[in-house]
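See structure below.
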Ligand code: TXA
Ligand code: MG
């Protein structure tokens, strides 16, 4: 099948209410027609995802923003202009057209325009916005290749192949308030970059009911114990049976396996390689995985968020 034929076939699946795994610039998504609640229900079922965790809706055309949201905020257009297509999700007041299942009953919907030509073609050919979480089982490692999708979701109706994703971690998610924006999930687009368009302003008194991705403490977890490197962890694990995800190239001695995610301490490169390296160690014969922490600023915030959540169950 040529790429064009694959996209056609994938779009047909979406129109028929089926599920399609497709590439975006961040991770592979598990997509369904966002306006068809029965199709969307299949996402939750296949992923084994709790329905209190809302989905991101992917669009290919700015006009869809008006179809799906009640937005009248010109700041949204400035953000879209600067960051779309790209890994920034905006949480905006939704119109009734967006099924409650997509937003877990919230009055807002998360929307983004992915920076991936295959994804954009798929959305255009499907003729509808596509709701998609990452194409993995709930709480497990996100997929950055078609093979990762096949490993966790072999039952999916169709996998649209588009090679390895080039950002590697999920989009930055923000919400707007009267004075500025707040970050709900860190990603490759940093607070500093967004601040060039809209000021940062955190409303401290947020209702606890706001379901943000970051609010789930455990996520992105391999099926083996996962630790963030520290003296305490070094005392606890047997290095000769452990795999190390290395950032600096230091402290590698004695580990059964070492994966160096970047040779130049480049956090973007680290992010691109992170989930693939986690999958690789999950499939290898090491008994546990240890990740060296990275500096917690800029993209490092997004990376540390993933590492801490992956480690949460193993504390
Ligand atoms: O890069 C990405 O964002 C990838 C690709 C496929 O686009 N998608 C992704 O989706 O990471 P998912 O489902 O793994 O994470 C989406 C997160 C959810 O955890 C959810 O809590 C949050 O977005 N979200 C969605 N709608 C929201 C809303 N209305 N309010 C607050 N958070 C929302
Ligand atoms: Mg996910």
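Note: Cβ is positioned from N, Cα and C throughout, glycine not excepted.
Bear in mind that TrEMBL entries carry predicted annotations, made automatically and left uncurated.
Neighbour density for residue 142 (L-threonine binding site): within 10 A of its CB lie 26 other CB atoms from the protein chains shown. Summarising the annotation, TrEMBL assigns L-threonine binding site to 26, 58, 112, 132, 142, 171.
Residues or ranges marked as ATP binding site by TrEMBL: 49, 134, 185, 220. Around residue 220 (ATP binding site), a 10 Å sphere centred on its CB holds 25 further CB atoms from the protein chains shown.
In this model, the domain 'YrdC-like' (4-189) carries an average pLDDT of 97. TrEMBL lists 4-189 with the feature domain 'YrdC-like'.
Under the three-state DSSP scheme, residue 171 (L-threonine binding site) falls in the coil class.
Cα proximity to residue 220 (ATP binding site) (within 10 Å) is found for the following binding-site residues from 58, 142, 171: 142.
Counting only same-chain residues at least 6 apart in sequence, those with a Cβ under 8 Å from the Cβ of residue 171 (L-threonine binding site) are 26, 56, 87, 88, 89, 112, 185, 187, 188, 189. When the alpha carbons of residue 134 (ATP binding site) and residue 142 (L-threonine binding site) are compared, the span between them is 6 angstrom.
Counting every protein chain shown, the Cβ of residue 26 (L-threonine binding site) has 28 other Cβ atoms within 10 Å.
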